[in-house]
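Listed features, source Swiss-Prot:
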type    : residues               : note
BINDING : His118, His122, His128 : Zn(2+) binding site
Amino acid sequence: MIKIDVVSECTLWSKKIKRNKTFFNSILKFFPKKYKFIGKKINLTILLSNNKNIKKLNKDFRNKNKPTDVLSFPFEKKFNPKKSNYLGDIVISYEFMNKPKNISILEFKQKVVKIFIHGFLHLLGHDHIKLKDFKKMIKEEDLIYKFIKTKVA
């Protein structure tokens, strides 16, 4: 079982997602079984942020002086539920999710679901630096999204 802590440092998030912890828990509820870590107590933190703060994190930790949609900070390089109970942190930028500005709440939530899946896979050790890894990660993202797209949002 995965326990999520959600911290919001940007009040704009509450305009699109009223109960953010419930929202993210509902996403995890529909993940494929292999990602549920049944019988384990696994934790992760989500920081709902904005472009200003995610840009600072991106500069500090990746040496890229620009905002981005999501950052993942895995607790371990490759997560092993037998050795650790903390996956890591996912930071998501409101402005990236809210493009275009007239995006509907449903479309906003769908984007958040997709980017959460992406960040979650990074916490598990997936990466997309090499083309073959990119293809593998995209395939896995699509598989998870198909599991949950009609059930969440």
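If you go along the chain as it appears here, the first residue is 1 and each next one adds 1.
In case you wondered, yes, glycine gets a Cβ from its N, Cα and C as well.
Sequence-ordered, the extra residues of this chain that approach the Zn(2+) site, with Cβ no more than 8 Å from the Cβ center of His118, His122, His128, are Val70, Ser72, Gly119, Leu121, His126, Asp127, Met137, Glu141. Here His128 (Zn(2+) binding site) comes close to Phe134, Met137, Ile138: these same-chain residues lie at least six apart in sequence, with C-beta atoms under 8 angstroms from its C-beta. Cβ environment of His122 (Zn(2+) binding site): Ser72, Pro74, Ile90 lie under 8 Å away, each six or more residues apart in the same chain.
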